[in-house]
């Protein structure tokens, strides 16, 4: 194979690529910061691992997705539309509802100064109301409206009908603006929302509306309660078996009044209200009497006690456990700095959250004072607590609370103690600028060596990262292992929403214009050897003695007793002992012969199947038995694509061995013999008269009428470099030449090579200006082969 001879521009590009693609400093034998597998949209599609849904109207305007395992449907709310999609395959058997703004709503909206897009009806609320109905609310051209959708029972052939006779005003239930931040949760027929409740987007509040209980909200124009919040998520998490003690937790960011060093500091908050709050009797009438909040911290400990904070909450995910009172909270955060951009994921346990809300209150004596711990007497019942038996049972409703307790909660909504993450640090940090992380979903998996939380992280360019993190107690550090990088969509597009089904092992991903589903795993993609499977460290996968396949814990469809898996350490040598895994790989070592022209560039190509492996290059010179590691410099550059020689020297000739290293497992994956062709011999070859042979090119089998040339030009070239197996090379070159002829009839016409001989060109200089040809250039197919 001939190394392609590049122009000066090509050399410059390759050199720049080499500098950019060099391995970073401190690169270890296994770089788990790189994805083990990187799968394109086409590869996912070819593997039948994904399915996509496009709206037949050409647009979707996605704002919300609701995964309903009972109905076995994914409900989607967008612009003027609702969809019901099958969880098994979202592209099949879908139902749709067209729900636009009324002409009157749209007309009034435009008169008020909004554009036509804003005056559509964007569905922002979708909740399962009961077994047969959904609650849906839309922006209604800046005039929110709510209704019910009949979905029936799963046996009713996927019923999906809008009940238009039940329209209700949606103020306090749905935002006016389709782009404003919003969160909602439906509990016992009561809708709890965090939103901006007015036309101009100035009145931020937490509401409870809908059913038998009194409508409540936070007090308007109270910056100590909410100051320009961005609502992210909300969940009902019980504290105990007493349902009267249930609380709703709201996650949001806001400008922090207690930040003494900056008036524009942004903090992430956890707010809390009692589900059965009825407000006060004489003060805070129809207002929350139990609203409290505290800071949610996600930071990297630094030297001298100065931490790096990630204060902007992007997304939050609640991982349910067997104990519904103690789910695990995952927060995806970003920095608020205009200089430094980074992302982090922190994990919180409910015990830490409850301890913060049961701790001391924050207090400020006056404008000239700093925020401090409140050390005075706390009234009874404890401000912010619910009217329940757990609280003593003396009060059946918050309306009966003493004015002192209600007033204290009203004036002291902020807790002094922040909520800090597990291990006092993030489980994952991204500061390389490669990804902008936006969404998170988590699945808990039982593996051979323990329990792991698999993170699925959505980015702003349509990529999903599949990651696990492992905590090292000895070093108090986290190891992040990126298992897969999945290009879910054909073109880069921000991921707006993700829903996860552990039951089906499927991830549902929403963007503004398209929805996709992706299977959690495809174990056979890691490789066909035991070592490949164990080195992957995917808790879903294990070596079963024959292939890399889905791992099932003992007693759960365990088909084979032979299971090899080591997620924590990836110790393939120990797990695969006796499997002859090294021999299997070495037998597959690919051998190649590459010819390069002296003083030109050549790339010895190899792209490792896994990006986590360290790639080493060794060379064995002619007539030598010793191998030595290739030393890189400004002329020889190690790239992700292989080993690049910017300018070949005669001494570069030899046999090159490409090795990958992972967890002490060394694979020799490619053996390349590099032959150097002296520049003088190439000049001699091109100085001969080959016009007739080149103009006719190679005789193709289907074109017997073309005169056969006695000696194609490449044969003499092979004689110059000393290659003797003419028959094999001739068959290959005929195949390349004739394939190229069929594919590029116009581009490869005889006129293209008319002036390949410099002597002929000099004879023709009387007719046209003399232009020296690129006499080193060869047919591209041969150069690239």
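Think of each number as a place in line: the chain as shown, counted from 1.
Note: Cβ is positioned from N, Cα and C throughout, glycine not excepted.
Annotated features, as they stand in Swiss-Prot:
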{"type": "SIGNAL", "residues": "1-25", "note": "signal peptide"}
{"type": "DOMAIN", "residues": "36-520", "note": "domain 'Sema'"}
{"type": "CARBOHYD", "residues": "48", "note": "N-linked glycosylation site"}
{"type": "DISULFID", "residues": "109-119", "note": "disulfide bond"}
{"type": "CARBOHYD", "residues": "130", "note": "N-linked glycosylation site"}
{"type": "DISULFID", "residues": "137-146", "note": "disulfide bond"}
{"type": "DISULFID", "residues": "274-386", "note": "disulfide bond"}
{"type": "DISULFID", "residues": "298-346", "note": "disulfide bond"}
{"type": "DISULFID", "residues": "523-541", "note": "disulfide bond"}
{"type": "CARBOHYD", "residues": "600", "note": "N-linked glycosylation site"}
{"type": "DOMAIN", "residues": "651-740", "note": "domain 'Ig-like C2-type'"}
{"type": "DISULFID", "residues": "658-733", "note": "disulfide bond"}
{"type": "REGION", "residues": "744-785", "note": "region 'Disordered'"}
{"type": "COMPBIAS", "residues": "759-777", "note": "compositional bias 'Basic and acidic residues'"}
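This view paints the features noted in Swiss-Prot onto the structure.
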{"residue": "48", "record": "N-linked glycosylation site", "DSSP (3 states)": "coil"}
{"residue": "109", "record": "disulfide bond", "DSSP (3 states)": "helix"}
{"residue": "119", "record": "disulfide bond", "DSSP (3 states)": "coil"}
{"residue": "137", "record": "disulfide bond", "DSSP (3 states)": "strand"}
{"residue": "298", "record": "disulfide bond", "DSSP (3 states)": "coil"}
{"residue": "346", "record": "disulfide bond", "DSSP (3 states)": "strand"}
{"residue": "523", "record": "disulfide bond", "DSSP (3 states)": "helix"}
{"residue": "541", "record": "disulfide bond", "DSSP (3 states)": "strand"}
{"residue": "600", "record": "N-linked glycosylation site", "DSSP (3 states)": "coil"}
{"residue": "658", "record": "disulfide bond", "DSSP (3 states)": "strand"}
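Cβ contacts within 10 Å of residue 137 (disulfide bond), excluding its own Cβ and spanning all protein chains shown: 27.
In space, 48 is the closest of the recorded positions 48, 109, 130, 274 to residue 541 (disulfide bond), judged by Cα positions.
Considering only the recorded positions 119, 523, 600, 658, residue 146 (disulfide bond) has 119 as its nearest partner by CA-CA distance.
When averaged over the domain 'Ig-like C2-type' (651-740), pLDDT in the model lands at 64. Across the structure, residue 119 (disulfide bond) and residue 48 (N-linked glycosylation site) place their CA atoms 39 angstrom apart.
Within 10 Å of the C-beta atom of residue 541 (disulfide bond) sit 25 other C-beta atoms, taking all shown protein chains into account. Other Cβ atoms within 10 Å of the Cβ of residue 346 (disulfide bond) number 27 in total over all chains. Of all the Cβ atoms in the protein chains shown, 9 others lie within 10 Å of the Cβ of residue 48 (N-linked glycosylation site). Residue 274 (disulfide bond) sits 22 Å from residue 130 (N-linked glycosylation site), counting Cα to Cα. Each residue contributes its Cα atom, and for residue 523 (disulfide bond) and residue 600 (N-linked glycosylation site) those atoms are 42 Å apart.
Counting in whole angstrom, residue 346 (disulfide bond) lies 34 from residue 130 (N-linked glycosylation site) by their C-alpha atoms. Taking the Cα atom of each, residue 658 (disulfide bond) and residue 109 (disulfide bond) are about 66 angstrom apart.
For the pair residue 386 (disulfide bond) and residue 48 (N-linked glycosylation site), the Cα-Cα distance reads 51 Å. The Cβ of residue 298 (disulfide bond) lies under 8 Å from the Cβ of 268, 309, 310, 311, 331, 333, 344, 345, 346, 421, 426, each on the same chain and at least six residues away in sequence.
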